[in-house]
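Now, the feature entries from TrEMBL:
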type	residues	note
DOMAIN	20-83	domain 'SH3b'
SIGNAL	1-19	signal peptide
Amino acid sequence: MIRAAVACFGLALAAAASAAEYGSVGGSGAVIYDGPSANAQKIFVAPPGMPVELLSLINKWVKVRDQTGQSFWIERGDISPKRTVVTTRVASVRSAPRDDASLSFRVRKGVLLELIGGTPGSGWAQVRHADGDTGFVRANEVWGFQ
């Protein structure tokens, strides 16, 4: 199933050159390389769930960008279709996509959240914390939902 989803990513990359496409690091993490080859320099091991922007596809390699703006390569099989975002500052998660909605919880900068809904142009992302709490966060307080 993951391979089919990754194949869809390839089609999405080809079809939507101007629209940002995102995925996340799957499994138990993945080795990140500086080029599209297992012989390229290994840069680091990305943790599972780390959101990445999908930039291009070459054979079994995907060029991705992380929240810092750095680009690197990851094997296509290590990309998951599961969407996640990471907070870029302390973020307020609300019960509804409105500034006046009740506060559900706050999260620190750098917290990984599962993306469960929202439309990029709406200004709000619906998210789930690892402990199961859900709510809405402003899109400008997270990376991976542009």
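Just so you know, glycine gets a Cβ as well, placed from its N, Cα and C.
Here the structure is a predicted model, which means the values were calculated and not measured.
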For the domain 'SH3b' (20-83), jot down how many residues DSSP puts in helix, in strand and in coil. 3 helix, 34 strand, 27 coil
In the domain 'SH3b' (20-83), averaged pLDDT is 96
